[in-house]
């Protein structure tokens, strides 16, 4: 008689938890990065919603002039924002327990720091989770690399720029009009439109939109016909089919004749690498530009570059931009300082007879 003994697998609770976290069979993959991503993004989202609706005014400039940002304090969806942490706090870590009371924490803009730091940690973990899922499925890692562009951009405006300027009050407000205000002030103080890295970012975003539209329309227009001419070509396609849907040779021929031969890709991998790399590299450069301007390495200054034989300035477009910058600079934080830095840095004339 033969006795077969089956050894029972005794999986601990921790082991089952690990298997569940790293399982690719779940409807939504969690992963170890997800263990940190889920609570941080939930915290950032929850506090953002509550603060956007009900946060009291914040003393953003540290001069006892609170600015209202929430819906219950008179704003709408367009004008509302999470007001950045007060200049009185600077770059100090300012959790709730560091304040004397919750009222003080709210008055000094504590929710902004809480939201931003949790959000940045969350999106960084989302990027790591993309890599983790790719790794478990045996895929290449480029999805996470592409996502690093918006992560870098968010890190630049929410963390690097405040560090360079010395205060979280200089970070980008979390709202529509607050974003526009940040952009206008950034142009006034750093002349970002004249920074080559910003120009590369504009080329990346607009070029990426153009290439995406061109690619999508070209593929949709060169479907492989599986039907008669009496019914739609779309009827010949079934979602998830293994066969190729469109004819890249036909698309290449069309585009090559529309512009010229070498403007068209005949290799699908090269084409899709280009479509991914163009906007990603552009946004990388923009994030790098914000990070350098954070430490006041600003855009090009061509003010008063052209003069006539008598030394009189002939205004160029750079001088028009400079005048606009000065106008924007004197208008923002109008109660925090009497003159923009450009004017205040000039030595005052002596008044002692």
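Keep in mind that glycine also has a Cβ here, set from the backbone N, Cα and C atoms.
Within the listed segments 259-273, 274-288, 289-303, 304-318, Swiss-Prot records transmembrane segment for the stretch 274-288. Listed ranges 82-96, 97-111, 142-156, 157-171; the one Swiss-Prot annotates as transmembrane segment is 142-156.
Range 197-218 is the one annotated as transmembrane segment, of 197-218, 219-240 (source: Swiss-Prot). Residues 118-133 are the range that Swiss-Prot records as transmembrane segment, among 54-69, 118-133.
Within the listed segments 29-46, 173-190, Swiss-Prot records transmembrane segment for the stretch 29-46. Against the transmembrane segment (118-133), stretch 29-46 has more CB pairs under 8 A than any other of 29-46, 142-156, 197-218, 274-288.
Long-range contacts of the transmembrane segment (274-288) within the same chain: residues 142, 145-146, 148-150, 152-153, 155-156, 197-198, 200-205, 207-208, 211-212, 215, 265, each at least 6 residues beyond the stretch ends and with a Cβ under 8 Å from a Cβ of the stretch.
The secondary structure of residue 170 ([CaMn4O5] cluster binding site), as reduced to three states from DSSP, is helical. Remote same-chain residues near the transmembrane segment (29-46) are listed as 20-23, 114-116, 118-119, 121-123, 125-126, 128-129, 131-133, 136 (criterion: CB distance under 8 Å, separation of at least six residues from the stretch ends). Compared over the recorded positions 161, 265, the count of CB atoms lying within 10 A of a residue's CB peaks at 161. Every protein chain considered, the tally of other Cβ atoms within 10 Å of the Cβ of residue 126 (pheophytin a binding site) stands at 19.
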